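Take this structure, written in structure tokens, and hold onto it; I'll ask about it next.
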Amino acid sequence: MTQQTTAMPGKFITFEGIDGAGKSTHIGFVVDFLAARGKTVVSSREPGGTRLGEKLRELLLHEKMHVETEALLMFASRREHLAQVIEPGIERGDWVLSDRFTDASFAYQSAAGGMDRDKIMALAQWVHAKRWPDLTLLFDVPVEVARQRLDAERTLDKFEQEKADFFSRCRNEYLRLAGEHPGRIVVIDSTKSIDETRAAIAAALERLL
Ligand SMILES: Nc1ncnc2c1ncn2[C@@H]1O[C@H](COP(=O)(O)OP(=O)(O)OP(=O)(O)O)[C@@H](O)[C@H]1O
Ligand SMILES: Cc1cn([C@H]2C[C@H](O)[C@@H](COP(=O)(O)O)O2)c(=O)[nH]c1=O
């Protein structure tokens, strides 16, 4: 008789925050933390994460467009990412990490960009009705701190060139989402030192292990 083994489904963890909050700095730490605990980790990002998604990312980060076009392209990238990376990874039992997901569409296209929230929700229901992250780490810093971190280090893309007011609306929306989904979204105070931030991340991850 053939014995059938069903792999335990993996987990889906997303990283959010305004540009310059520090989320990318900590993804490597999370990969190492989980790998040390025997997890197979897949690390990816949005927009992007697939060949098509990376092409869309190039357009999204550098071309001016109507905010609804922007949202549709974000969700086109997301659809491909779910089909090629997120769902197969979780099914294999891997821990899939994504640098941003749908919370970013609520923060950037809706709260900051002015798009109707219900339209983002309709796209989310269409593209991934049943799939939401098991854990979202929200890296929170005041807008001025994020700005200083960005200015210190690179050529700014289309979103990063937005004014402080745009990022205040994003930040407020992220915090509002955290209040709405306290079981999923953990707010990490990203003004702290990198070591202190790592300790907070480790505590949040322990809840899933
Ligand atoms: N806790 C911290 N203290 C001081 N500097 C930090 C801290 N965390 C990150 N930084 C620095 O801030 C800068 C921006 O960090 P990072 O690229 O991780 O931000 P991000 O949120 O991923 O931004 P983006 O979304 O635009 O990619 C980097 O130079 C990083 O070294
Ligand atoms: C998924 C997603 C992303 N964005 C924006 C947010 C950032 O400014 C860029 C991605 O850059 P990062 O350095 O990789 O964080 O894209 C968005 O506006 N809406 C989204 O859904």
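Glycine is no exception: its Cβ is also placed from the backbone N, Cα and C atoms.
Fair warning: this is a prediction, and the values are worked out from it, not measured in the lab.
Annotation comment: TrEMBL describes GLY17, ILE18, ASP19, GLY20, ALA21, GLY22, LYS23, SER24 as ATP binding site. Look at TrEMBL and you will find 15-201 tagged as domain 'Thymidylate kinase-like'.
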Can you name the residues of this chain that are 6 or more positions from SER24 (ATP binding site) yet have a C-beta less than 8 Å from its C-beta?
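In sequence order, the residues whose Cβ lies under 8 Å from that of SER24 (ATP binding site) (at least 6 apart) are PHE15, ASP99.
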Highest Cβ count within 10 Å among the binding-site residues ILE18, ALA21: which residue is it?
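Sorting the candidates by Cβ neighbours within 10 Å, the top entry is ILE18.
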Tell me the coarse DSSP state (helix, strand, coil) of GLY22 (ATP binding site).
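Assignment for GLY22 (ATP binding site) reads coil.
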Near ligand 2, which of the binding-site residues GLY20, ALA21, LYS23 are found, taking a Cβ distance under 6 A to any of its atoms?
none
Starting from the Cβ centroid of GLY17, ILE18, ASP19, GLY20, ALA21, GLY22, LYS23, SER24, the recorded ATP site, name every other residue in that chain with its Cβ within 8 Å, sequence order please.
PHE139, VAL141, ALA146, ARG149, SER190
Let's check the environment of GLY17 (ATP binding site): how many other CB atoms sit within 10 Å of its CB?
26
So what sits near GLY20 (ATP binding site) in its own chain, CB-to-CB under 8 Å and at least six residues off in sequence?
VAL141, VAL145, ALA146, ARG147, GLN148, ARG149, LEU150, GLU160
